[in-house]
Number of protein chains: 2
Amino acid sequence: MFKKIQSLLIGKALKTNELAEEKFSVLWGLPILSSDAISSVAYASEEILLVLIPILGMRAYGSMIEIAIAITVLLGIIVFSYRQIIDNFPHGGGSYIVASENIGKLPGLVAASSLIIDYLLTVAVSTCAGAAAITSAIPALLPYQPLIAIFVIGLITLGNLRGIRDSSKLFGIPTYLFILSIIIMIVTGVFKVLVLKETPEQLYVVPQAAGDLTLLLFLKAFSSGCTALTGIEAVSDGIPNFKNPAQKNAKIVLGTLACIVFTIFGGISYLSTMYKAVPGQDITVIAQIAIQVFGQNSLMFFIVQATTAIILTLAANTAFSDLPLLLSILAKDGYVPRQLGKRGTRLSFSNGIVLLFLVSSLLVYIADGSTHMLLSLYAVGVFISFTLSQFGMFRKWTKSKEGHWRHKAFINGLGAAVTAATCIIIGVEKFKHGAWIVLVCIPILVTGMLRVRRHYTKVRENLKIETGLESLIVREAITKHVIVPVQTINKSFIKSLNCALTLGENIEVYHVSTDEEVTKKLIEKYNKLGIAAQLVIENAPYRNVNEKLLAYVEEKHKQLKKHEVITIVMPQFIIHKWWHQTLHNQTSILLRRSILKMRNVVIVTVPYIINE
Amino acid sequence: MFKKIQSLLIGKALKTNELAEEKFSVLWGLPILSSDAISSVAYASEEILLVLIPILGMRAYGSMIEIAIAITVLLGIIVFSYRQIIDNFPHGGGSYIVASENIGKLPGLVAASSLIIDYLLTVAVSTCAGAAAITSAIPALLPYQPLIAIFVIGLITLGNLRGIRDSSKLFGIPTYLFILSIIIMIVTGVFKVLVLKETPEQLYVVPQAAGDLTLLLFLKAFSSGCTALTGIEAVSDGIPNFKNPAQKNAKIVLGTLACIVFTIFGGISYLSTMYKAVPGQDITVIAQIAIQVFGQNSLMFFIVQATTAIILTLAANTAFSDLPLLLSILAKDGYVPRQLGKRGTRLSFSNGIVLLFLVSSLLVYIADGSTHMLLSLYAVGVFISFTLSQFGMFRKWTKSKEGHWRHKAFINGLGAAVTAATCIIIGVEKFKHGAWIVLVCIPILVTGMLRVRRHYTKVRENLKIETGLESLIVREAITKHVIVPVQTINKSFIKSLNCALTLGENIEVYHVSTDEEVTKKLIEKYNKLGIAAQLVIENAPYRNVNEKLLAYVEEKHKQLKKHEVITIVMPQFIIHKWWHQTLHNQTSILLRRSILKMRNVVIVTVPYIINE
C-alpha cells in the first residue's frame with residue numbers, strides 16, 4: 001500500500017548503475033543551479049531601496065545606482081574566483097571541501113555549517129518571496145502567504161524525490177521564461193522613457209528626505225543588496241551533477257549565470273530608479289514596475305508576476321539539489337548521520353531532501369511568510385562560506401607555488417579580501433536584525449558535527465579487528481546457560497521451551513511468584529511436562545517481576561567463565577491490529593533493553609502469532 | 001534516579017501482604033467516600049437558582065424550597081435502595097456488578113461506562129468549582145482558574161499514588177472542617193434573621209420576573225439540582241476498602257452521609273432564600289451568603305471559602321479512590337486493558353490513577369475551567385447507573401422470591417422508577433446543553449470494552465493447551481537452520497558468528513552486495529576465518545538490502561519440515577547516549593518486525609556494547 005503510493009508520487013525504483021544517466025547538460029543545468037542566483041534579483045533591489053528611501057527620499061534613486069554598481073563589481077570578483085575553484089575541484093562540495101583541504105578541518109566545518117544554514121534559508125526566503133509575487137497579483141490570497149509557501153516547498157520536495165533529471169525538465173522552461181519576460185520588461189521600460197519620452201505615472205508617493213547619505217547608510221544598503229549574490233556558489237557545488245566534460249560545462253554555466261544576473265539586477269535597479277518604485281508596500285517593486293511599464297491587469301503584468309513566482313519557488317530547488325549532496329559528502333566524512341549519505345529508490349538523497357523539507361517549512365511557519373525577516377539572516381552565511389573558500393584557494397596557491405601561482409593567488413586573494421569585508425559589513429549591519437542567530441547556529445552545528453564524527457570514530461575503533469581473524473573464532477566446546485522465564489504454562493511458553501531445549505544442556509525455567517495459588521498450579525503442570533530443565537521459583541512480595549528476573553540474570557552473568565554466554569528465551573506476541581498492542585504489557589521492551597546491557601547475554605525472541 | 005524521585009514523591013514500595021493494613025475505618029472512610037456527595041451542595045443550590053431567577057425573579061426563592069424538598073425526598077429513596085445493595089454485594093463494584101449479575105452483560109457495561117464518565121466528570125467539575133471558590137475569595141486569580149484546577153488534580157494524583165490509607169489521613173480533616181464551618185454558617189445565618197430579626201443587606205439586585213412557574217421550568221430546575229445527589233453510589237462501590245465489618249461500616253457511612261447532605265443542602269437552600277443570593281456572578285452563592293452572614297473579609301468568610309475549596313477539590317478524590325477500583329474490576333473481567341488491574345509499588349492501582357489524571361485534566365482544559373458547562377454533562381451518567389443498579393436489585397428480588405422479597409423489591413423498584421424518571425428528565429432537559437455527549441460516549445465505551453474482551457478471549461483461546469502437556473514437547477532431533485546476516489566483517493559480526501556456531505550445524509552467512517569492491521574484500525576476509533559455515537551472496541542493484549534478506553528468509557521458511565525452525569542471529573549495538581541512536585540505521589527494527597511475522601523463525605539478538 002505504502003509502496004504503491006510511493007511509486008505513484010516519486011516514480012519507480014532505479015538501479016545503482018542508472019546513476020550516470022541522471023546528469024544534466026549546460027542547457028538544463030543552468031536553470032537548476034542558477035535559479036537561486038537569478039531569482040534573488042526579485043528581492044535585492046527592493047531590499048536596497050527599503051534602506052535608502054526612508055532616509056534619502058527622492059535622492060535614494062541616485063545612490064541606488066552606485067550601490068548596484070558596487071554589487072556587480074563584487075559579482076565579477078566572485079565569479080573569477082569561483083572559476084579557479086571549478087578548475088581545481090572537479091568533485092564539487094564547494095566551500096566545505098576547499099576550506100577543509102586547504103585551511104583545516106574546523107574552517108571546513110564552519111563553511112559547511114554556513115552553507116547548510118544558507119540552503120535552508122534559500123528555500124524559506126525564495127518560497128516566501130514567490131508567495132509574495134502571487135499575492136501581489138492576487139491580493140485576496142494575502143492572508144494565506146505562509147501556507148502557499150509551505151505548499152510550494154512540498155511540491156518541490158516531491159519533484160526532487162523523483163530524481164535529478166526529471167526535475168531539470170520540470171523546472172528548466174519557467175526559468176528561461178522568467179529571464180525572457182524580465183528582459184522584455186527592461187527593454188520596453190527603457191524604450192518608453194528614453195525613446196518615447198513618456199513620463200511614468202508614480203504609483204506611490206516617495207517620502208520626504210530625512211537625512212543625508214552617510215557611509216553607514218551606504219554600507220547598510222550595500223549589505224542588504226548583497227542578497228543578489230547568493231546562489232553563485234551553487235554551480236561549483238554541483239559539478240558532479242554535470243555531464244562530461246563536467247568542469248567545462250560548469251564554467252560555461254557560471255559565466256552565463258553572471259551575465260544574466262548582471263543584466264537583470266542592473267536592469268531592474270535602473271528601472272526602479274527611472275520609475276520611482278517604492279518598496280515595503282503590499283505589492284513588490286517588480287510588480288510596481290510591471291504595472292507602470294505594461295499597465296495594471298495587462299497580460300504582460302501577469303506573465304511577469306507568474307514567472308517571478310515560479311522562478312522564486314524554483315530557486316528553492318537549487319537548495320534541494322545541493323544541500324542533500326553536501327550532506328552526503330559530510331556523511332561520507334562521518335560528520336552527519338550516515339543515513340543522509342544513502343541514495344533512495346530514485347537515486348536522489350531522499351533523507352536529506354525530506355530533512356530540508358521539514359526544516360525549511362518550519363522556518364516559513366516561524367517567519368509567518370515574511371521575506372524581509374528571513375533576509376536579515378540570509379547573506380551572512382553565504383559570505384562566510386565565500387570568504388572561506390576564496391581564502392582556501394589563496395592558501396592553496398601560496399603553498400604550492402606552481403605555474404602562474406602569483407596571478408591565481410591574486411584573484412582568489414582579492415576575492416577573499418572583498419568577501420571578508422562584505423561579510424563583516426553584513427554581520428555588523430544585520431547583527432541585531434537576526435544575523436546573530438546565524439552566528440550562534442554555526443558553532444552549534446560545528447560542535448554537533450564534531451561529536452557525530454567522534455561517535456562514529458569510536459564505533460569504528462571498537463569494531464576494528466586487529467589480531468588474526470582465525471584466532472577470534474571460539475573453537476572449544478562451552479557450557480551454555482539457557483533461561484526461559486515463565487508466568488503461565490500455555491502454548492506460547494511451550495513454543496519457547498521447545499526452542500530452548502534445542503539450545504543447550506543447562507536449561508532453567510524461571511518463575512517469579514506473586515500469588516501462591518497460581519504458583520502451586522504452575523508447579524503441578526510443569527511436573528507433567530517431564531523434561532530435564534530445572535524450575536527455579538522466586539517470590540516477589542513487591543510484585544516487581546521484571547526486576548527479580550533482571551537481578552537473577554545479573555547474578556548468573558557475574559559467574560560466567562570465559563566465552564560462556566547466557567541465552568534468554570522470550571516469547572513475543574505478534575499482533576495484527578496496532579491498538580491491540582496497548583492491551584498487552586509493554587514492560588518486556590524495557591526488560592529487553594536492560595538485559596542487553598549485559599555483555600555476555602543473548603536474547604532469543606520466539607514469535608507467537610495470535611490466530612495460529 | 002527515576003526510582004529516587006518516585007520514592008520521594010509517592011513513598012517506599014509496599015508488599016502485597018501489607019494490603020489489609022491499607023483499609024479505612026468509619027471515621028476516615030466517611031470523608032474519602034463522601035466528599036463528592038457532600039461537596040456537590042456547593043454548586044447544586046446555585047444551579048437551581050440559575051434556572052429559576054431569570055424567569056421568576058423574587059418568586060424564585062419560594063420555588064427553590066419546593067425543589068429542595070423534592071430532591072431530599074429523592075435522596076431518601078436512593079439511600080434506602082443502596083442500603084440493600086450494600087447488604088447483598090459485599091465486594092463492591094456498585095452498579096456495574098449489580099446490573100451485570102442481575103440484568104445482563106450489556107446493562108452492566110452501560111452502567112460501568114456511565115460510572116467511568118461520571119467519575120471523570122466528578123474530578124473535572126469538583127476541581128473547577130474548587131478553583132471558583134478560591135477565585136471568589138481572591139478575585140485576582142480569576143484568569144488562572146483552569147490552571148489552578150489542573151494543578152490541584154495533580155496534587156490529588158500524587159496523594160493517591162501514595163496509597164489508600166495515607167490519603168485518608170491527608171483528606172479527612174478538611175472535610176470535617178467544611179461540614180463544621182457550613183453548619184456554623186447555617187446556624188448563625190438563621191439565628192441572625194429569625195432571632196435577632198436582622199434584615200440582610202442584598203449584595204446583588206434580583207432581576208424582575210419574566211414569567212410564571214411552569215411544570216417545564218420546575219423540571220428544569222429539578223434536573224439541575226439533582227447534581228446534589230451525585231457521589232452517593234461511591235459508598236457502595238468502595239465497600240472492599242472498609243475495615244471489617246465492611247458492610248456494616250459502609251451502611252453507617254451511607255446513613256451519616258445522607259444526614260449530612262440533607263442538613264447542608266437543605267440549610268444552604270434555605271439560607272439562599274432568606275438572604276436572596278443571586279447566582280451567575282463573579283462570586284459563588286455560598287460566598288455571597290458567607291459575606292452576608294459573617295461580613296466581607298471576615299475570618300469566617302475566608303474559612304468557609306477555604307474549606308469549600310478544599311472539600312471540592314477533595315471530592316475529586318472520591319473518583320480517584322473509586323474509578324481505579326472499578327477499572328481493576330473491569331480489567332479482571334477482561335473489559336479494559338489488563339494493566340489497569342495491577343497494583344503499583346504503593347498498592348494503589350497506579351495506572352488507573354494516572355489515566356484519570358490525564359483525562360480529567362484534559363476535560364478541565366477543554367471546558368476552560370467552567371463548572372457550569374461541565375455540570376450539564378454530569379448528572380445523566382450518574383442517574384443511568386442509579387437506575388440500572390436499582391433495577392438490577394428489583395430483578396434480583398423478583399427472581400429469587402426469598403424472605404421479605406416483596407418489601408425489598410418495593411424499595412428497589414421505587415428507587416428504580418424514581419431514578420429512571422429523573423434520568424429521563426435530566427436527559428431531555430440537558431440534552432442540547434451537553435448530555436448528548438454522554439449519550440454518545442456510553443455506546444462508544446461499551447463497544448470498546450466488548451472489543452477488548454473479544455481480543456483477550458481470542459488470545460486466551462489461542463494459548464490454551466487442550467491436549468496432553470507431554471505430547472507438546474518436541475523430543476526428536478531436528479535440523480537447525482541458522483542465518484547470520486553480514487555487511488562488514490568486524491568484531492560485532494564475529495561475536496554473532498561465535499554465537500551462531502554453537503547453535504546448529506546448518507549455518508549460512510548471508511551477504512547482500514551493493515558494491516562489488518566491498519563484497520570482494522569481504523569474501524577474502526571471510527575465507528581467512530576458516531569455518532564450516534557457507535557464505536551466501538546476493539546482489540541488490542536497487543540497494544534494498546533488507547528486502548532481499550527478508551525474501552531469502554521467507555523462501556527458506558516455506559521449505560521447512562515439521563518442527564524445524566530458522567534461527568537468525570543479529571547483532572544489536574548497545575549505545576549509551578540516546579542521541580547516538582539516531583546515528584545508526586533504524587531499519588533493523590522494521591526488519592525484526594517483518595521477520596517475526598513468520599511462524600517458525602526465531603531471532604537471536606547479540607548485544608554489542610560500544611566501549612567494550
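Yeah, the Cβs are placed from backbone N, Cα and C, and that goes for glycine too.
Automated prediction, rather than curation, is the source of TrEMBL annotations.
Sequence-remote contacts of a segment are chain residues at least 6 beyond its ends whose Cβ falls under 8 Å from one of its Cβ atoms, and for the transmembrane segment (B:60-82) they are 44-45, 48-49, 52-53, 206, 213, 218, 221-222, 225-226, 228-229, 232-233, 235-236, 254-255, 258, 261-262, 265-266, 269-270, 272-273, 276, 386, 389-390, 393, 411-412, 414-416, 418-419, 422. The transmembrane segment feature in TrEMBL is assigned to B:60-82 (among others).
Within the chain, the transmembrane segment (B:115-138) has long-range Cβ neighbours (under 8 A, six or more residues past its boundaries) at 36, 39, 42-43, 94-96, 144-146, 148-150, 152-153, 156, 230-231, 233, 237, 282-284, 286-287, 301-302, 305-306, 308-316, 318-320, 322-323, 326-327, 356, 359-360, 363-364, 367, 369-371, 374-375, 377-378, 381-382, 385, 438, 441-442, 445. What TrEMBL records for B:115-138 (among others) is transmembrane segment.
If you look up TrEMBL, you'll see B:144-161 (among others) marked as transmembrane segment.
What TrEMBL lists as transmembrane segment is B:173-195 (among others). Beyond its flanks by at least six residues, the transmembrane segment (B:173-195) meets 30-31, 34-35, 38-39, 41, 260, 263-264, 267-268, 270-271, 274-275, 289-290, 292-294, 300, 303-304, 307-308, 310-311, 314 of its own chain at Cβ-Cβ distances under 8 Å.
Marked as transmembrane segment by TrEMBL: B:252-271 (among others).
A Cβ distance under 8 Å defines the sequence-distant neighbours of the transmembrane segment (B:302-327), meaning residues of its chain 6+ beyond its ends; these are 31-40, 42, 92-94, 96, 112, 115-116, 119-120, 122-123, 126-127, 129-131, 133-134, 136-137, 152-153, 155-157, 159-160, 164, 167, 171, 174-175, 177-178, 181-182, 185, 231, 234, 237-238, 240-241, 284, 286-287, 290, 294, 336, 340-341, 348-349, 351-353, 355-356, 360. The annotation transmembrane segment is assigned in TrEMBL to B:302-327 (among others).
Positions annotated as transmembrane segment by TrEMBL: B:348-367 (among others). Sequence-distant contacts of the transmembrane segment (B:348-367) (same chain, six or more residues past either end, CB-CB distance under 8 Å): 119-121, 123-124, 127-128, 146, 149-150, 153-154, 157, 160-164, 316, 319-320, 323-325, 327-328, 339-342, 373-374.
Outside the transmembrane segment (B:373-397), and at least 6 residues removed from its termini, the chain residues within Cβ reach (under 8 Å) are 43, 47, 78, 81-82, 84-85, 88, 94-96, 98-99, 101-103, 107-108, 110-111, 114-115, 117-118, 121-122, 124-125, 128, 223-224, 226-227, 229-230, 233, 236, 363, 367, 405-406, 408-409, 412-413, 415-416, 419-420, 422-423, 426-427, 430, 433-435, 437-439, 442. Per TrEMBL, the feature transmembrane segment maps to B:373-397 (among others).
Under the heading transmembrane segment, TrEMBL lists B:409-428 (among others).
Sequence annotations record features per position, and here TrEMBL assigns transmembrane segment to B:434-452 (among others).
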The answer for the transmembrane segment (B:252-271), taking Cβ pairs under 8 Å and residues 6+ beyond its ends, is 26, 29-30, 33-34, 37-38, 40-41, 44-45, 48, 64-65, 68, 71-72, 75-76, 79, 82-83, 86, 179, 182-183, 185-186, 189-190, 228-229, 232, 235-236, 242, 277, 285-286, 289, 293
